[in-house]
């Protein structure tokens, strides 16, 4: 998703998301995203990736005109603004996922967040749809939908409701929830595969569920610019058509596979870390938990 | 029952900042029509004081028609529905339902309030006549010049992320003018109980997209040709009397 200005081929999106974040944000906070001296600037520019289909191929459900403005103007402007704002700072050279999470700044977003997140969101959105989309999912995706929502139709209803009740601008999402409590050293003491499930969410403006450590599977843009040229104020019609004619359940399914694998890997890492910690405690000779004292300071005195 | 008085026609008029103008426009203004028999007076869509095409070329007739007939009408309809449900929930003592409805009331009620003000903020060729006397002096005092005020409102309007409004606000307590922004359909009063809207500009995409597409700054530049300074002055003078 990014390339250095010297190379001319676009980067290939890796099949697994990057490893757990090293959270350089504390460094950035200290240094305030300062600009490096000119000679040291990396200039790793993020690029505007085109949708994997032609701009007119989603007609009549999403017009060529909409794609020309939505992708060609809105999405493009966010890429340009983002590149401008990260150039020469510590965020330059980071992967887009990391830039989004770091700039979200735990709920107090930096000015560049809207651009980073909207680049991420729109890349994700274009890949979520395709000409001749719609239909029904199958395999593991369908199993989990039925398990977690009761039925495919119930999931669609919930997704539509989220999209229609996102007041103002924003997004509605289907995500895979396998997130962990990562607040300081408070780790979920009893993590289990059973806690992982599909969830429908909505988010305002540019917010994206990766900032809450969810794995997004599907997104619909409900900013008015996403549907106004084709549907005017009729957001409900747009959402229905999106689900019936545009969504690529294959892509959603692939994303689910990646998300499940990632969750399993993190569970394995947690288990390894737990075992190592236990081993360290057992072998430590310095541990003296209950000190016997000669002096008697008990309350019984 | 404080709740009942909150939703009478008079209270709505006051809250919207329309004042005497609101009462004068009461025939086509807020609260006329439906639901007089119920405790909570229903809202209704006010008529525009001009034709849909009268604000061209600043704002197209197509936008005005959709904005008024679809968006504002939807806020009115949904607000009335939410009020009905609220009335039932209050009567039953269903506190979770009362709380759950607050989002829809704020959003749709806010949309109704804001757009009712907005239609009065616009006038064919309104911008041709800059503000005089009291409001004019106040603008010079608080912003330096009319140009500076316009620039500030345009900058804040353009920078607003997502959907919302940019306002020329009067603080009734200090009598000072300021530029404020609110998100989504939050009315100006959410920025301060003493805040009165003199002018509001809708920067939701539906307010300009069909004509200006993503170039919100062009919409903001052109809307000043149709801003109704006469209305703003009247509200200002009434509130500072």
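A Cβ is built for glycine as well, from the same backbone N, Cα and C atoms used for every other residue.
Residues or ranges marked as domain 'Manganese/iron superoxide dismutase N-terminal' in TrEMBL: B:44-122. Residues of the domain 'Manganese/iron superoxide dismutase N-terminal' (B:44-122) grouped by DSSP class, helix first, strand second and coil last, total 63 helix, 1 strand, 15 coil.
What TrEMBL lists as Mn(2+) binding site is B:67, B:115, B:202, B:206. The number of other CB atoms found within 10 A of the CB of residue B:206 (Mn(2+) binding site), across every protein chain shown, is 18. According to its DSSP assignment, residue B:206 (Mn(2+) binding site) is helical.
The helix, strand and coil residue counts that DSSP assigns across the domain 'Manganese/iron superoxide dismutase C-terminal' (B:132-234) are 53 helix, 24 strand, 26 coil. Annotation source TrEMBL lists domain 'Manganese/iron superoxide dismutase C-terminal' at B:132-234.
Spatially close to residue B:67 (Mn(2+) binding site) yet at least six residues away along the chain are B:115, B:202, B:206, B:207, judged by Cβ distances under 8 angstroms. Contacting chain A by the Cβ rule (under 8 Å between Cβ atoms), the binding-site residues B:67, B:115, B:202, B:206 reduce to B:206. In the predicted structure, the domain 'Manganese/iron superoxide dismutase N-terminal' (B:44-122) carries a mean pLDDT of 97. For the recorded Mn(2+) site, residues B:67, B:115, B:202, B:206 set the reference point as the centre of their Cβ atoms, and the other residues of that chain within 8 Å of it by Cβ are B:68, B:71, B:72, B:118, B:204, B:207.
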